[in-house]
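Below: the structure, in structure tokens.
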Amino acid sequence: MNDSILLGLIGQGLDLSRTPAMHEAEGLAQGRATVYRRIDTLGSRASGQDLKTLLDAALYLGFNGLNITHPYKQAVLPLLDEVSEQATQLGAVNTVVIDATGHTTGHNTDVSGFGRGMEEGLPNAKLDSVVQVGAGGVGNAVAYALVTHGVQKLQVADLDTSRAQALADVINNAVGREAVVGVDARGIEDVIAAADGVVNATPMGMPAHPGTAFDVSCLTKDHWVGDVVYMPIETELLKAARALGCETLDGTRMAIHQAVDAFRLFTGLEPDVSRMRETFLSL
């Protein structure tokens with residue numbers, strides 16, 4: 001067997017993450033024993049440790065890479081030796097590759113993950129006008145992916161309109177055109193009704209946040225509907241959309257493809273997407 005792979009996930013509230021299992025199973029299937037550790041700063045072992053201390057510890061211990069999640073995707077940037085152009089433009093990193101010399105490079109596979117999910121799940125979707133509900137969390141990555149995968153006009157709706165406009169400014173600067181505008185999420189249903197598609201980028205639909213981020217009565221069979229939530233896979237939003245006959249994109253595609261792209265960066269190996277999907281869905 002070849003050299004083993006040591007990976008980790010730094011963030012808060014990581015107990016339900018399916019990423020460790022996907023990486024460990026894929027590494028083993030490729031003949032590389034893989035250990036993927038949760039490094040939870042709300043947990044007993046890493047509690048109270050700052051991000052730099054945890055990153056340094058990973059370097060000293062010979063980690064091959066780290067995934068970074070809430071609340072550290074922005075804070076990690078200045079601690080890295082190098083950051084990809086895309087991640088720099090977005091101001092967010094979710095994947096850190098550590099080479100044999102300890103050199104760290106940051107990437108954002110949330111963007112590529114959502115983009116690949118769109119290509120796979122909505123290959124023929126109309127993209128002239130799209131609404132994204134939610135500007136926090138993975139919102140910047142989703143917006144960037146939408147605009148770079150053919151969306152001509154993207155309206156990002158949030159209850160905090162300043163946050164929505166700040167996201168729009170970041171994406172517009174990154175892509176070099178006025179593709180995104182931030183809008184108020186209150187009364188967004190009229191805007192959605194006139195759009196081609198809508199993406200939920202809020203936590204609404206998760207067990208802790210039941211319901212939908214907007215009134216689904218604005219949807220028709222001509223809309224396509226995406227959701228970043230993957231627990232449950234069929235959210236209330238997607239259930240309502242499918243009942244209308246809408247094309248839909250569930251949150252599993254982004255979750256799986258971000259891990260697929262990260263595994264490739266960590267190891268230099270070509271992951272088997274179907275196998276990683278099978279692992280994800282088995283959990």
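Even glycines carry a Cβ here, placed using N, Cα and C.
Among the candidates G115, G117, G251, the one that Swiss-Prot lists alongside G137, V138, D158, R163, P203, M204, G205, M206, A213, V228 as binding NAD(+) is G251. Using G137 (NAD(+) binding site) as the reference Cα, a 10 A cut-off selects T69 from the binding-site residues S17, R18, T19, T69, N94. One residue stands out among the binding-site residues S17, N94 for having the most other Cβ atoms within 10 Å of its Cβ: N94.
T69 (shikimate binding site) and T19 (L-quinate binding site) have their C-alpha atoms 11 Å apart, to the nearest angstrom. Within the same chain, the residues at least 6 positions away from D110 (shikimate binding site) whose Cβ sits under 8 Å from its Cβ are A92, N94, V138, A141, V142, A145, M254, Q258, listed in sequence order. D158 (NAD(+) binding site) falls within a strand when secondary structure is assigned with DSSP.
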